[in-house]
Amino acid sequence: MMESRSPICNTCGEEIGVKSNGEFFVACHECSFPICKACLEYEFKEGRRICLRCGNPYDENVFDDVETKTSKTQSIVPTQTNNTSQDSGIHARHISTVSTIDSELNDEYGNPIWKNRVESWKDKKDKKSKKKKKDPKATKAEQHEAQIPTQQHMEDTPPNTESGATDVLSVVIPIPRTKITSYRIVIIMRLIILALFFNYRITHPVDSAYGLWLTSVICEIWFAVSWVLDQFPKWSPINRETYIDRLSARFEREGEQSQLAAVDFFVSTVDPLKEPPLITANTVLSILALDYPVDKVSCYVSDDGAAMLSFESLVETADFARKWVPFCKKYSIEPRAPEFYFSLKIDYLRDKVQPSFVKERRAMKRDYEEFKIRMNALVAKAQKTPEEGWTMQDGTSWPGNNTRDHPGMIQVFLGYSGARDIEGNELPRLVYVSREKRPGYQHHKKAGAENALVRVSAVLTNAPFILNLDCDHYVNNSKAVREAMCFLMDPVVGQDVCFVQFPQRFDGIDKSDRYANRNIVFFDVNMRGLDGIQGPVYVGTGTVFRRQALYGYSPPSKPRILPQSSSSSCCCLTKKKQPQDPSEIYKDAKREELDAAIFNLGDLDNYDEYDRSMLISQTSFEKTFGLSTVFIESTLMENGGVPDSVNPSTLIKEAIHVISCGYEEKTEWGKEIGWIYGSITEDILTGFKMHCRGWRSIYCMPLRPAFKGSAPINLSDRLHQVLRWALGSVEIFLSRHCPLWYGCSGGRLKLLQRLAYINTIVYPFTSLPLVAYCTLPAICLLTGKFIIPTLSNLASMLFLGLFISIILTSVLELRWSGVSIEDLWRNEQFWVIGGVSAHLFAVFQGFLKMLAGLDTNFTVTSKTADDLEFGELYIVKWTTLLIPPTSLLIINLVGVVAGFSDALNKGYEAWGPLFGKVFFAFWVILHLYPFLKGLMGRQNRTPTIVILWSILLASVFSLVWVRINPFVSKTDTTSLSLNCLLIDC
């Protein structure tokens, strides 16, 4: 019988203690946050009587009958809160050279790091193992103390009790009970009504149109399953509130160096002719002008097309930043992307008190216009490529003239040793990166480019956090990073947070949002629902990652506190563990080995190459991270940073080495670490892997949107964007990472979170029943049949109850989320438009790609616009995606005309059944109405080829259907022939 050990306090590191009856001391019965009596008493004295984790109030009788069982040693501050020397390390500030070196390099190792503490770690590990053998009943506190290096004991200081040092940086604000309770009740009622509805539908077939009835029932069952997958992850939505002032009070004290964590920004671009350099420049400028310590910000721009235009535009951007950044910080302007700041139609003098503002703003606007002219000149020059290729200003050939065969390129702008702003202040570091490409190597598109940036940034700056942005998403809120740090740097909340996701907001969308480009329902409803479970999914941009989570590590384990009802019997009864998959056990052991290395080796210094490689077991790390000792050493530094004594030239060569085309071969890159390969929607796959490891994510919605971007408002471009997303979901469904079964044995992914991921991969398959269901109204009108038998009073009440429950669910969802009914209706319309076009094509293309090996190449959506406002909205571009919805529109319109004609011929009795069929057809037409408007364009004209193909398909379908008439039963045809014979007689 094993003795139950007391958990450790998450505030001071001491044992929590037990009550007189032997149960563990639990302060908060809602979340069981581990805190000892001494720390709890301090919280009460300071007037904060709420739980540090969940925010629920403590019970005042919690101190009764408690026996403290603490260690006699001094208080130990948890290592998670130690953000001193490692966070503030110099991030390769002396790099200012350009390097273009092929992948065949002789690595220069010899960085002086980590000697004394490795030896102390080894000694303590040996002592700990010997002590366990001699004294198996050693207390938990003594074992915990043995894991902490000696130097950390010497540097221990009592917890800071100044104002703001212990205040929580964020709180969870639950949805009011009056709103969420009624919402849940209606969901349960809708489930019950659905069960009764399907019982009626299945037990009351339509014999005269059995095929139509069966098709409709199958479609309705699929729609119900799809609704369950979408609805239940929204069961527990929450809101969050951050306190940036408390973050500053804790980590930015007057007269001291800022202790805020460093952040590496990733900006990706491929084709500068389709992703205008001016848009990318605005994104970069908004990053460089952030309200964040300049020595903590580094911006990496990935040019995956190796275009000289991208490089030259970045040179111009770095030069203009010397004027723009001090102007933004002096006058605290928002947003800090010049194109969008100067285009704002607001009173820009509001809240401005400096007399010089108007003059300097006018001068800055003139400078920006000159900057735009220079950028436009670069774009105009790049329209025609010289036969001999591009040449740089010094006369040498541009290394990236062959975009598929070129060396790796890195250029560092600005920063500590680079150019300063016009006021002489240091600017954030700006780095141009173009990874090596050679024929015969798989490059994995955007995911491969992001992984190359992960390695380059780890070698040069190694910030503990990474923020990735698309090139067309600029920073709209200069304090966005501080918002994320309120979660990630909180020692209580942020320990197991892998990333903070911000919602996507867009500029340049028409007021009616015809094609639901804003995705308001997804970002304001679904994502907030996921935040109440295990966190939102990763959506590809506007995300702040914890670097260690990208390296495949598991979150730090939390002490487990048993509930009071079971604590008394925990020594006698043990729960039988479920058998685990051997591959999962191996991966868990591998992660635990790496986690132990991080915990114990994260702060090592001054160690030679030979002994270091012996201690770290370098071979196993190389199989995971690749053949770079410098990069491997950076992965062991949990708080990031680069040693001061590192040779800058060595780092540049090493950075070139880690972006070589063959670096990822025989490693875990893209499989277990970094952005995950296997789908063109690498964002969903990457976030899914992190959640399967036990990490959680957080959804941050500041009042001022953190980031804003552009969206394709043209119908064809929008459908191609949706096609890409849907194809990625089909690829994940057909891969080994399918959420239906992947990670089930680990038990780290919560059930509702798994349902949400299942919904993200199966939604394209809804297109098959949706196309069939949208065709049924036309068939019913053309044949005179219907999918529902004559309704009784009870059946009518059932149908009415179903419609009311659907409406109530939507209304109550709008009530707690704040989404408008117009946004909800646009979302429903485009769900049908995308379902019968892009999703349908994605299903077939996905199966062809995954099963037959036929690859589908996607081009980057052009982000240029018409001179007129919303000019792109009215442009009609030919694509095969337009044919299915156009055909459905024509078929249903023909069916409505045929139905009214038939009713006129048959008389008064035919009008009653007609209304049900016409309502069914108009339901389809109303959902496709935005598509119809998009086809008409500004001049109300549709491409002739679309009209011809659609009319041809609709006509052939109608004629064949009337000729075959397959859903008329044989008894009907027999009776019809007999009647004809009687008439002849």
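Cβ atoms are placed via backbone N, Cα and C, with glycine included.
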Same side of the membrane, Thr879 and Leu935, by Swiss-Prot annotation: yes
Annotated residue, N-linked glycosylation site, per Swiss-Prot; candidates Asn714, Asn857, Asn940: Asn857
Co-listed UDP-alpha-D-glucose-binding residue [Swiss-Prot; alongside Ser268, Lys274, Glu275, Asp304] among Lys179, Lys445, Lys479: Lys445
Residues in the topological domain 'Cytoplasmic' (815-829) grouped by DSSP into helix, strand and remaining coil: 12 helix, 0 strand, 3 coil
The topological domain 'Extracellular' (933-941) [mean pLDDT, rounded to integer]: 62
Neighbour count (Cβ, 10 Å) for Asp304 (UDP-alpha-D-glucose binding site): 22
Helix, strand and coil counts within the topological domain 'Extracellular' (201-208) (DSSP): 5 helix, 0 strand, 3 coil
Same-chain residues at least 6 beyond the ends of the topological domain 'Extracellular' (789-793) whose Cβ lies under 8 Å from its Cβ atoms: 204-206, 799
Distance in Å spanning the most remote Cα pair of Ser268, Lys274, Glu275, Asp304, Lys445, given for UDP-alpha-D-glucose: 16
C-beta crowding around Ser268 (UDP-alpha-D-glucose binding site), within 10 angstroms: 23
Cβ packing number for Lys445 (UDP-alpha-D-glucose binding site), 10 Å threshold: 15
Three-state secondary structure, which DSSP defines for Lys274 (UDP-alpha-D-glucose binding site): coil
Local backbone state of Asp304 (UDP-alpha-D-glucose binding site), from DSSP in three classes: coil
